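Sequence annotations record features per position, and here TrEMBL assigns Zn(2+) binding site to Cys159, Cys162, Cys436, Cys439. The SUMO1 cross-link annotation in TrEMBL covers Lys165, Lys237, Lys415. The active site, glycyl thioester intermediate annotation in TrEMBL covers Cys174. Per TrEMBL, the feature domain 'Ubiquitin/SUMO-activating enzyme ubiquitin-like' maps to 447-534. Marked as compositional bias 'Polar residues' by TrEMBL: 555-577. What TrEMBL lists as compositional bias 'Acidic residues' is 580-597, 637-651.
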Amino acid sequence: MVQLVGSLRKEVAESLSTCRVLVVGAGGIGCELLKNLVLTGFKNIEVIDLDIIDVSNLNRQFLFQKKHVGKSKAQVAKESVLQFCPTANITAYHDSIMNPDYNVEFFRNFMLVMNALDNRAARNHVNRMCLAADIPLIESGTAGYLGQVTVIKKGLTECYECQPKPTQKTFPGCTIRNTPSEPIHCIVWAKYLFNQLFGEEDADQEVSPDTADPEASWNPAETEARAMASETDGDIKRVSTKEWARSTGYDPAKLFNKLFKDDIMYLLTMDKLWKKRKAPLPLDWHQLESQGNVVSIEAVGLKDQQVLGVWGYCQLFQHSIETLRSELQEKGDGAELVWDKDDAPALDFVTAAANLRMHIFSMTMKSRFDIKSMAGNIIPAIATTNAIIAGLIVMEGLKVVSGELESCRTIFLNKHPNLRKKLLVPCILDPPCANCYVCASRPEVTVKLNVLKTTVLALQDRILKERFGMVAPDVNIEDGKGTILISSEEGETDANNGKFLSDFGIRNGSRLQSDDFLQDYTLLINVLHAEDLEKDVEFEVVGDAPDKAPPPPSNQEDASSIANGNKDSAQPSTSNAAAEVDDVMIVESEGEEEEEASSSSAAAVPTSGTKRKHLDDETGEASVKRPRTNQSHEAADAEDDDDDDDIIALD
């Protein structure tokens, strides 16, 4: 007779009490998961999370209360879970899982790792660490009513990076700076402006008019005359935005006239831009101020749902700048602020700046709620979805602990039952992809770039770190001499950063070996020199690479309901393609934020791909399994041309 301890076999219960597990993330899924683990019988748990508790977390992360706002999520989660099971041994880390302290040896201390994350950079990193340590990983994610759980084991299953994932959509710089046509363009511009004024300046986030715009055919003499306003209103010179703002003491009126009057007048001199577009209308602070009481419109409804008048956003612009200026002064010289959608002054600034730009370019202005949803890429999380997914994680975890990896499954949670009346659809795990650039026996990729224009720093930051997810790469040129191009040792190869790849003899056909010793990962890179890359494209990955993922279709009804009932808010783009039976997406949003990917923008919309049929675990029939996608807003990247309010990935 089988002996039971509660609902578990005795040997399984004993294994749970002795095995060590790591939970990465203590947010929506993480809170439910930690509670489930201790109630199931897991005794030795370590949890890591970098974030602190915000008031917006309290509606679904039930281990936290109002008194905990501002405290470490990992630490408070530990304290709350211990009330369920005081005998559990729980260690909490208020830290990033990407910290070098959590190396391969750290991961080897665990029998199982469970991810409750919501960003690709951290997921990629944990995937590689578990592969290097040969430790099973349970990956999960939710987006509204949708969810998924899958098990990853080196050599037996696909790793997290085996399947293509659509990259985040971005826009050419000239669209953001010169010719915005959608609200999201103005919101991206406002976020860039925040960094230019208060945060870390990035040359790729310039907000001033782009005079190199290939569409702009203008007369230099006329431009000079029209732009003379820049020399009279606020003594503006074409220098660093932050440098000039500091010289004015962050004067709201001068900033306003520079951004919304002078720069717009400068744009108007680019004649060709406005032949087939409606020209923007400059705004003048002093003129609006004198008309403030006349043009102001009394907003109605909930505060965050209100759409103010132009002067209302002028006042919000002024107030937010004064608040952010004070915060900078408190931090001292050289301080920088970091954009956070939950920071009220930062959100107020982006809301005001984005709406003023929308008005200038004849777009309908948006509420603070809509701006936050679009700027923060928010799809509202649902507590019951998190609870279901957390339960499924534990069920798969029990199989791993019992040594029954062959019975593990990828499980999809649908919003509506399929034709067989099932909300949960289990699929057999796929074997590793032979061409995966992470878990293949000899990872190798081909990268097309211009060796005459690509710097060593761009190779390190844009390609190795952002595109291929490395943390601390070391790069050697396979030239027979082992020339060191990039070293992870601080300062060792800094002199190389500004040099071009061609300066080191790198040309078409050259091979680079990149090692990340933290991840125990080596990648061979074949260089394909090209001088015909599209504008604003720094490089392309050739062949079977993750940016070839297809945009998964979704139906209109699902997309609408995921946006808190507000059709103009965080509504994902939709496709008109009819949904197939068992058609679900692997999504990744609701978990807990580790450090976000360092990029401020990403590559272009994914191209087409092929669906793969998988056998349903219960019926043996074929069901559709989609390539994994990043975050819920990427779950439907096929844009509806009729909807200007579609949301894209930004962060």
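Note that Cβ sites are derived from N, Cα and C of the backbone, with glycine treated the same way.
Neighbouring residues of the recorded Zn(2+) site, listed in sequence order and excluding Cys159, Cys162, Cys436, Cys439, comprise Leu131, Glu158, Tyr160, Glu161, Pro432, Cys433, Val438, Ala440 (Cβ within 8 Å of the Cβ centroid). Looking only at the recorded positions Lys165, Cys174, Lys415, the one with its C-alpha closest to Cys439 (Zn(2+) binding site) is Lys165. Among the recorded positions listed (Lys165, Cys174, Lys415), Lys165 has its Cα nearest to the Cα of Cys436 (Zn(2+) binding site). DSSP labels the residues of the domain 'Ubiquitin/SUMO-activating enzyme ubiquitin-like' (447-534) in these numbers: 19 helix, 29 strand, 40 coil. When the alpha carbons of Lys165 (SUMO1 cross-link) and Lys415 (SUMO1 cross-link) are compared, the span between them is 22 angstrom. Take the CB of Lys165 (SUMO1 cross-link) and look out to 10 A: across all protein chains shown you find 23 other CB atoms. Within the group of recorded positions (Cys159, Cys174, Cys436), the Cβ with the highest number of other Cβ atoms inside 10 Å belongs to Cys159. Within the same chain, residues at least 6 positions away in sequence whose Cβ sits under 8 Å from that of Cys162 (Zn(2+) binding site) are Asp430, Pro432, Cys433, Cys436, Val438, Cys439. In this structure, the C-alpha atom of Cys159 (Zn(2+) binding site) lies 38 angstrom from that of Cys174 (active site, glycyl thioester intermediate). Distance between Cα atoms for Cys174 (active site, glycyl thioester intermediate) and Lys415 (SUMO1 cross-link): 39 Å, as a whole number. Of all the Cβ atoms in the protein chains shown, 18 others lie within 10 Å of the Cβ of Lys415 (SUMO1 cross-link). Summarising the environment of Cys439 (Zn(2+) binding site), the number of other Cβ atoms within 10 Å of its Cβ, over all protein chains shown, is 22.
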